[in-house]
Amino acid sequence: MGLLEAISLAVLAASTPLLIAATGELVAERAGVLNLGVEGMMIVGAACGFGGAWLTGSTMIGALCGIAAGTLLSLIFAMMTLGLAVNQVATGLALTILGVGLSGLIGARFVGERIATAPHLHIPGLTDIPLVGRILFGEDAFVYFSLALVVGVWWFLYRTRAGLVLRAVGDNHASAHALGHPVLRIRLFAVMFGGACAGLAGAYLPLAYTPFFIPGMTAGRGWIALALVVFASWRPVRLVIGAYLFGAVTILQLHAQGWGVGIPSQFMSALPYLATIIVLVLISRARTGGSTTPAALGTVFVPDR
Amino acid sequence: MHLVLERRTEQSRTIALVSPLIAIGLTLVTMSILVAILGTNPISALGVYFIDPLTDGYSLQEIAVKATPLVMIAIGLSLCYLANAWNIGAEGQFLIGAVAGSWLAVKTHGTDAGPWVLPAMLLLGAAGGALYSLIPAICKVRFAASEILTSLMLVYVADLVLDYLVRGPWRDPAGFNFPTTAAFDPVATVPVLIEAGRLHLGAVIALVVVAAGMVLLGKTIKGFEIRVVGAAPRAARFGGFNSNQLVLLTFAISGALAGLAGIIEVAGPVGNLRPGISPGYGFTAIIVAFLGRLNPVGILIAGLFLALTFIGGEQAQIAMKIPLDVTKVFQGILLFYVLACDSLILYRFRLIFASPKVSRGAA
């Protein structure tokens, strides 16, 4: 396997959790809900995902455990922000703090254990094509699923009536409410979808990326996913570009460390975080005209009866 | 049946005072259930957590030592949150403050520098934290980049900067390859208040910060502007308040306080610069700020309470083998309940048993 091929495979693997988590958050934010708890839902998804796979030996069950964990946590968030009209920023932070603690508690007994990584697709002939074969036809199921997810979300948001209503709720909840759309119920589903995606993205890490669980293994990926949504201007297709760009930065800095470039490893490790800041600045500055930010993003909605 | 929120015409003062207590009560009940699930008697666990640390002098001092950074950081954060500026990177500002102040301690190590070293270190720490916090603030004001994400990203960067320094240029050559700087000289160390005790001058500084916060918020025009900009941005605009300037100001103050807390921590209880100097003070301080209802006196009490959970958590781990992560779960659940109970101040909750469709038609 050539170096270029190895790097491309690694980039895809590093990008996939970002893409899945960001897609979920994009839907929630399109409905007007800013859930800053992505990191917390991811890390609990990672612990539960590993636990499920370790106990049953099945990657599939691990992934489902991750999804269930993320969804459950998102329900707490929904209860607070939608049911009790609590500030979304503060609640999201609380979710992340809680998630970090919970994952440590759940994952404590799994530390040091190993599981088999998720199987990779193998189509005789196609997968063996030099250079592109393994990249196109030799990934694990998560990679294909993440791309299908983006296409599905794009289709839902822009080609279905329900998607139109969801976007309307995110842009102007008062008008949507006046038209008779159940604002809070739509937001509930959007938040749950975001939670499920974050849980799955977290589960991807121990199931496919590294075959073990380490406390804090998400290492800020949930926050980077949040930044990606901004980077993508809340458009699903741009999310793919953003996620792969960030995956590339992550992998390249790892390789650069391996090559012994004369820069301290800590500075290379800081690159993804610094890149996030720079990208946020550039994107936010470029978007002063015609904003695509959901207009009601982060605002509380209390229906007047 | 469904829940309906009605906005209160007047905010209830009683509930404002009682709501943090309700939140603590609910958290204790929830945690008792969790501890019971983990297989420990909840009553004795609560005793170890919340009563035992209050019964001996060493633990009492330790609570004050832990509360010192929490209170200082939370006072700064409360200014940000009141002004609707979301600084969640206090952890990073704490670390950079520690780094900036430690620079002087490392440079003067082994020289016969005078007693000016410590005050200069504290100033450097505050300046370092303030400058570091200005990065997200300027990105927000100048480029409209979300300060939430940028300030958080800088936490990871700060962690790596500290790691680099103590493993690289600042490592103690006589330190058996441990990633720490040399122990700070006596002139670079925060003095303790009681002979052979742990309580140090930082606790006094924290109290001064609380008092300064009370004056700033209660007695000055700037404090008034901070509160108006957060509570009624439109009114603030009509009043001609410069909200960008207030974002910069509140970020700078909170960064300076976090940085000061950082250098006090390394020059005080820790004694040198090393990785892991903070058990998440910058994040726990967010909870302290909200539990204290963004009020300086409230923050002082809340800081002591959360410090108690740190100490209780350590003791419960030693005495009852309860994992340390239980403390983090406790803190997370506490913040949830605090926020939920705060909703009680703004809204009246009413359970409606009839079909919601009917009432909507009537409106």
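Cβ atoms are placed via backbone N, Cα and C, with glycine included.
Annotations in TrEMBL come from automatic prediction, not curation.
Among the features that TrEMBL reports, transmembrane segment is placed at B:21-51 (among others).
According to TrEMBL, the transmembrane segment annotation covers B:63-82 (among others). Nonlocal intrachain contacts for the transmembrane segment (B:63-82), taken as residues 6+ away from its ends with a CB within less than 8 angstroms of a stretch CB, comprise 53-54, 90, 94, 198-200, 202-203, 205-206, 209-210, 212-213, 216-217, 226-227, 230-231, 250-251, 253-258, 260-262, 264-265, 268-269, 278, 281-282, 284-286, 288-290, 292, 294-296, 299-300, 302-304, 306-308, 310-311.
According to TrEMBL, the transmembrane segment annotation covers B:94-110 (among others).
Sequence-distant contacts of the transmembrane segment (B:116-135) (same chain, at least 6 residues past either end, Cβ-Cβ under 8 Å): 87, 89, 92-94, 96-105, 108, 150-151, 154, 158, 185, 187-190, 248, 251-260, 262-264, 267. Taken from TrEMBL, the feature transmembrane segment covers B:116-135 (among others).
Feature annotation from TrEMBL assigns transmembrane segment to B:147-166 (among others).
With a threshold of 8 Å between CB atoms, the same-chain residues lying at least 6 positions outside the transmembrane segment (B:199-217) that come near it are 61, 64-65, 67-69, 71-72, 75, 78-79, 82, 190-193, 223, 226-227, 257, 260-261, 264-265, 268-269, 295-297, 299-300, 303. Here TrEMBL flags B:199-217 (among others) as transmembrane segment.
For B:246-268 (among others), the entry in TrEMBL reads transmembrane segment. Beyond the ends of the transmembrane segment (B:246-268), by six or more residues, the same chain brings 65, 68-69, 72-73, 75-77, 79-80, 82-83, 85, 87, 90-91, 93-102, 105, 118, 121-122, 124-134, 136-138, 140-141, 147, 184, 188-190, 200-202, 205, 209, 222, 225-226, 229, 274, 277-278, 281-282, 285 to within a C-beta distance below 8 angstroms of the stretch.
Annotation source TrEMBL lists transmembrane segment at B:280-308 (among others).
The transmembrane segment annotation in TrEMBL covers B:329-349 (among others). Here the transmembrane segment (B:329-349) has long-range neighbours at 3-8, 11-12, 15-16, 19-20, 22-24, 26-27, 30-31, 34, 284, 286-287, 290-291, 293, 306, 309, 313, meaning same-chain residues at least 6 beyond its ends whose C-beta is under 8 angstroms from one of its own.
Contact between the transmembrane segment (B:21-51) and the transmembrane segment (B:280-308) is supported: at least 3 Cβ pairs lie under 8 Å, counting only residues 6 or more apart in sequence.
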